[in-house]
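The signal peptide feature in TrEMBL is assigned to 1-21. Per TrEMBL, domain 'Cadherin' is recorded for 28-128, 129-237, 238-345, 360-456, 457-566, 572-661.
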Amino acid sequence: MLLLRAIPLLLLGLMVLQSDCEIAHYYIDEEEPPGTVIAVLAQHSVFNTTDIPATNFRLMKQFNNSLIGIRESDGQLSIMERIDREQICRQSHHCTLALDVVSFSKEHFKLLNVKVEVRDINDHSPRFPSEIIHVEVSESASVGTRIPLEIAVDEDVGSNSIQNFQISNNSHFSIDMQTRADGVKYADLVLIRELDREIQPTYITELLAMDGGVPSLSGTAVVNIRVLDFNDNSPVFERSTITVDLIEDAPLGYLLLDLHATDDDEGVNGEIVYGFSALTSQEVRQLFKINSRTGSVTLEGQVDFESKQTYEFEVQAQDMGPNPLTATCKVTVHIIDVNDNTPVITITPLTAVNEGAAYIPETAAKESFIALISTTDRDSGSNGQVRCTLYGHEHFKLQQAYEDSYMIVTTSALDRENIAEYTLTVVAEDLGFPSLKTKKYYMIKVSDENDNAPVFSKPQYETSIVENNAPGSYITTVVARDPDSDQNGKVNYRLVDAKVMGQSLTTFVSLDVDSGVLRAVRSLDYEKLKQLDFEIEATDNGIPKLSTRVQVKLRIVDQNDNSPVITNPILNNGSTEVLLPIKAPQNFLVFQLKAVDLDEGQNSQLFYTILRDPSRLFAINRENGEVFLKKQLTSDRFEDLSIVVAVYDSGRPSLSTNCKIARNWTFFNIINLKEN
């Protein structure tokens, strides 16, 4: 019998299916020693690997897969364990081990269905159930009477099974070989000369069963024949053979047939009882029941077409005389299939399955082979024909591989960041009436590939910090996201190397590698550095690593930390002298006070004022610092004149954050007044 295959699931998402599945046939003899080479698949025409380096072979898991192994480098198939054909396939004429082998490299994938036919060797001798076979025959039996004998057994098949029977020399009996519908051969003992019990009440002969192997093997049994006293007539069946059909779902007690035999004798010699012949197997006796008085044959146990399709047995009719005579009738019961089995869907993974889900890399290309599905239905005919359908998502489709096997392949590229998992529904439906169907849910999780670089939350970061900051002051946090998972999505940060004022960037700012927090390493001085431009790189932890850079513009905010400095007139110890002409007119420009402030903006906006002017002769322009006479200088003002002026910035507070208000008090001694 053909072995049912447990077809596995293969998850090699990076491999695109090259062609439909092909079938290769090989042959081995049973009982070959382990290590025997069956074939080298790399030499098979479908596996032309000469142009495809680094090709590997893998045997998919299935029933009896421990019997045959494969070498990954070249696909050498070898026997791994003892193969006993009779144990695997019993007496089926064909014994096939079905295997699925994949050949794959990084870009290529092929599938091959390997069928290994196990050939029978003649390793079993015929044997009878008993060493001594007891039979009885009436001395009134006519020439040609057939007496069935116990059936000999030989586990081998074909020509290695039983092919012939012989008996030792005997003047009254011969052997006639018969063949049942299932091919089993058995022997009938045939009377060839009339018997006389008074002359010879018993006969002993040796029965020999021979197979057709080379050399031939045989088995023997002793047949002990007892001749019964005369009984005029034996029962006679209406028909010597009866064939009936029985639907497999027939209820217990179902009437198969009514046996009917007659006996021309009178009285008890003509009364008939019915039963199974002595050769009837225990299996038949458990399934069927015969009413000994009426001959009704009813169903006693449940039959199953998928287990056995035909039963052959012999029934007998026996009279009630002192030396009872019997007649036999061969009954053949054909089991009729009904659609009582739902299809079976098998998805057996080759690669690891975690938490009930299979994994496929998101880099799997279109038409990638994902899974191999087998469907079986134990029914026959249209009841056992199965069609398979896939539901769940348009990214996958079914493609027939061979017979009742299908491949799930991708119809488009996958993206884990868009859809991380799929729940597919495989429906297998037979063609019986009514149709029976099976559903199987199959989860596919898309395993992450590092196909996304980190993405910053902003295209550019613009931030600021006030000068004179404390070292370690917080500046900002940069954030980058990576939609990949696990290490592929874990982001680390770093400063891109650069020079600032001839020094390393890392002497100015620091960046936490995990959190992206940016801090100042030193106290920054606006008057030396007004803006710091640099780049930050975010890198994931995938293989290979992917990274992205973003520009950061750090503006140093001015602080009012510089007092105004007077540049004109030139001061000496905070004072200076200027000359003023005698009789200088009103509004005469005495001098212009000029100052600078290294701060910026409002902090460097200056205004001028006179703090002390005892003579009350001078005025000052608040904005440009020009000092001029408020009235004409007269002769009574020849004494030394002095004023105190000040320059203020507009900062808040006016000078520095340390509350030191810088007021430059400048004295001007007016001497040597010069006449016009």
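The backbone N, Cα and C atoms fix where each Cβ goes, glycine too.
TrEMBL does not curate its annotations; it predicts them automatically.
Since we're looking at a predicted model, the values are computed, not measured.
Secondary structure of the domain 'Cadherin' (457-566), assigned with DSSP and counted as helix (H, G, I), strand (E, B) and coil, comes to 7 helix, 52 strand, 51 coil.
When the domain 'Cadherin' (360-456) is classified with DSSP, helix, strand and coil residues number 4 helix, 53 strand, 40 coil. Per DSSP, the domain 'Cadherin' (572-661) is made up of 7 helix, 39 strand, 44 coil.
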